[in-house]
Amino acid sequence: MAALRMLWMGLVLLGLLGFPQTPAQGHDTVQPNFQQDKFLGRWYSAGLASNSSWFREKKAVLYMCKTVVAPSTEGGLNLTSTFLRKNQCETKIMVLQPAGAPGHYTYSSPHSGSIHSVSVVEANYDEYALLFSRGTKGPGQDFRMATLYSRTQTLKDELKEKFTTFSKAQGLTEEDIVFLPQPDKCIQE
């Protein structure tokens, strides 16, 4: 009887405190047997999805960018992205620090100071990679972003479908998803 009472009290406490939520679909999962050396090189950000209000406001003016992934001295990754912004080519460098399993990284935003978890969830290395990032922007403001990297600037319909399904599995909606158009400069070979 005492064991049953303890079980009941435990269930009540979980209900009061908020039962731990399971991720929408493996936020922290990574590509099995992730091979960082095969992930290196040139990628194009062909699709993005995010619950960020900034993203929702700006997604109509975003373009595909070129990202070169190189190893960092700390065992992580340096991502150098070139993109079109206000009719100018700009470059941004992100440093991803290794965090746990191969394919899982953290990124510290110099702008907001927030820390984001970044996972390479799926990659075939020669064609595409699906990444998922999450973090917080402030109290009660969770941030989620799915990214579709492509080795080419042209996407197959199957990849668009795969990315849409992947994004929705992360709790993002159809209006959170955008496939980025190619700009007329900044990402040429």
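Indices start at 1 and increase along the chain as displayed.
In case you wondered, yes, glycine gets a Cβ from its N, Cα and C as well.
Here Swiss-Prot flags 1-24 as signal peptide, drawing on similarity to another entry.
Feature annotation from Swiss-Prot assigns N-linked glycosylation site to N51 (among others); the stated evidence is similarity to another entry. N51 (N-linked glycosylation site) carries neither a helix nor a strand DSSP state and counts as coil. Here the Cβ of N51 (N-linked glycosylation site) has 18 other Cβ atoms within 10 Å, regardless of which shown protein chain they belong to.
Per Swiss-Prot, active site, nucleophile is recorded for C65. Packing around C65 (active site, nucleophile) is summarised by its Cβ count: 23 other Cβ atoms lie within 10 angstroms of its Cβ, all protein chains included. According to DSSP, C65 (active site, nucleophile) sits within a strand segment.
Annotation comment: Swiss-Prot describes N78 (among others) as N-linked glycosylation site. Taking the Cβ of N78 (N-linked glycosylation site) as centre and 10 Å as the limit, one finds 16 other Cβ atoms among all the protein chains shown.
A sphere of 10 angstroms centred on the C-beta of C186 (disulfide bond) encloses 19 other C-beta atoms. Marked as disulfide bond by Swiss-Prot: C89-C186.
Spatial neighbours are here defined as Cα atoms within 10 angstroms of one another, and by that definition the neighbours of C65 (active site, nucleophile) among the recorded positions N51, N78, C186 are C186. Secondary structure at C89 (disulfide bond), as computed by DSSP, is strand. Cβ neighbour count for C89 (disulfide bond): 14 (other Cβ atoms within 10 Å of its Cβ, all protein chains included).
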